[in-house]
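Dumping what TrEMBL says about this protein:
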type   : residues : note
DOMAIN : 6-110    : domain 'Calponin-homology (CH)'
DOMAIN : 119-225  : domain 'Calponin-homology (CH)'
COILED : 471-505  : coiled coil
DOMAIN : 787-822  : domain 'EF-hand'
DOMAIN : 828-863  : domain 'EF-hand'
């Protein structure tokens, strides 16, 4: 990719040599040849026409520095400030400083004195180029870099002044190297302008060097500037009139130009000194012949000005329509996405949707906020320009009004707010569902493990063949089982409650949960029925029982609930927990500490149960009783009790560790909350304070409008400089979001509040600046003095009681009365007030802004271009006819504006019409929104 050139050395060298040749010398290396100061002083004498102090001819460094200082002092004496350029740098051959010094000389002696229509220096030179190249439709000079790359602008300047040197129609825009070389060669050969630029360097550079282009173009200005100067004395005025004949030689023949030769050429050629009076008499014919052309040129300039304003306004309207359509289309596409409330099945999927929403907030929405603000500013600026040029107000297409865009934006933000709340609620719901589902699976697995084999045991008819002691043992065993069964009732109810809650929360795997829960409930009912049946069978044989082992029964009765307590304890110790605050985790830690405080009592109960078992063993051994391998009344053996007790002892420290980790996590979350709150409690009030200060600045009138504008722009920069604090807050908010922190009791400000406040702050300062700029534009265009503007502002603010920036009808009437308008409550006053209201409030909104008030007051006190003035100008071009032809328009106006008029003018229908006649009166009235009555 071509790079931008930063080396104007060649151009500056050629420029210096173009002047040094007049003194019979030149330079080869701009960095070296000015080091002794001799040629530098000679260059300044040539271009200024003045004598500098005598140079020192010595070769020592001090002599060179003294010579360069004399040159720099001379430059400074011409009012030029040399910043950071010293004699030592020039003597040392500092290329950057040497080029800067030469560019300063070029600006002072070649560009600064250029003056075109009250503009000077760079702007004057640019305006001169634009005026000279205006008739060339394929040339558009807007700057001193890329506008010159195709070479057509250089050729156009030469052709405008010396058409015989350039065959302009044969030039092609797609051959820039040929165009550039042609212009450079012609300028060097015929205009004595040395070649300062390289065509290949310009074409292959993305952005040609602006200083080099300006230096070269200034040579054209000075080469042709002699044709633009008009001497003051009478004889010189007549001679200038004859010189203008060459300028008008390109115009078609006209009845205005009829200078008839009044004496033979031989009388002039054969006379040593022709008669001065005769020459002056003949030249005066040229002056009067071309005076009419000057009048036509003035009329054409007026029309060009009006048409240029109209074309610019149409371009701004098209830009507004396009930008408004694009923004509304983006809003239309985005709202359905924000209104989509289809939930996902997993937390990961919902978190991805939340991340997509954050990308929308950070990446996609901010540019659209800027586009919306810029669109409002463009619309206000366009309306101001239309009012200042006395044009009708711009009414956008249906559905593209600023109010339509604001309504669409409000709908977008409502959908956006609801979407974020829905995402957070869905994530909480899925977290709750995952926790409940895991809890359901754990409890169901424990219950299913407990019920495994219970139905077979209850259906076993072992009591039919058992001995009396066995029957009694079976009865006691059954009683222990019933106790165990009752203890498991709570777990079954918990399983059913969890399944019901999963259904209510619309868990995606509810079908399998319901199936498993139904199976557990059916099995539980079956166990209850079987237990009841077995008890009845055992009670039938109870009378046959004689003895019962009290110790085994006591063991079974105490071991079963203790075993159930340990199982419940293991469940609780392994239970998952979800907390969001320090208080919640501290509550869990407190409950765990209470549980640990019960462990000594539980250990004593365990030892008591084991002591019962040991006592039964001792009695059996002492009485030589053979006991079965297991307790006939329970399956809970001492080994099971000890095993589960050891499991409980192992789970307690694990639970301690998990709670401590969660406490650390919540402490970190609390730190994030406090960190965010500390920053938000600073940024939020700061934004509110700035909003109040901007409102106060827009009401107060301190200094001129330019002072107010500068103050507001400084204020705007200070606001933009505050953006890093907002970015820091965004980073802290991002950490909070990643930590899934959903509330913050330390601040009332949310990130959404901060974002909305920041966007409102940027929009308010931009709108206030735009309002001041429009007031300056109105003041300058209408010629309103600063005192008048302050008087209007003071009156408006005085009656704007609520400081809302707009006046109601009654407030406006009081304001007008204070300014001397006769709008009292009578018939004449009401009629005048209604007329004023139709001007300042054409949409009948009931409110009058300060801009509309200023426009009305300026319209009442100043004058602008009118349709009658444009009609009069067209009449001059038409030769006092009531119509104008396409040929006349093409002759008098630039090509693009002539075609613009021809395409829009209606055919003339008057009695004196001719073929091709155009009605310029209806066209002129249409420009100002008037009807041709």
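We number each residue from 1, going along the chain as drawn.
Note that Cβ sites are derived from N, Cα and C of the backbone, with glycine treated the same way.
Just so you know, TrEMBL annotations are computer predictions that nobody has curated.
A description of the local structural setting of each listed feature is requested, covering burial, neighbours and distances.
The DSSP breakdown of the domain 'Calponin-homology (CH)' (6-110), given as helix, strand and coil counts, is 64 helix, 0 strand, 41 coil.
Taken through DSSP, the domain 'Calponin-homology (CH)' (119-225) splits into 68 helix, 2 strand, 37 coil.
Here the coiled coil (471-505) has a mean pLDDT of 83 out of 100.
Taking Cβ pairs closer than 8 Å, the domain 'EF-hand' (787-822) reaches residues 695, 698-699, 701, 705, 775, 779, 828-829, 832-833, 836-837, 840, 846-850, 853-854, 857, 861 in its own chain, all 6 or more past its ends.
Beyond the domain 'EF-hand' (828-863), the same-chain residues lying 6 or more positions past its ends with a Cβ under 8 Å from any Cβ of the stretch are 380, 384, 387, 393, 771, 774-775, 778-779, 781-784, 788-789, 792-793, 796, 805-809, 812-813, 815-816, 819, 821-822.
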Report the DSSP secondary-structure composition of the domain 'EF-hand' (828-863) as helix, strand and coil residue counts.
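When I sort the residues of the domain 'EF-hand' (828-863) into the three classes, I find 25 helix, 2 strand, 9 coil.
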Please count the residues of the domain 'EF-hand' (787-822) that DSSP assigns to helix (H, G, I), strand (E, B) and coil.
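Its residues fall into 23 helix, 2 strand, 11 coil.
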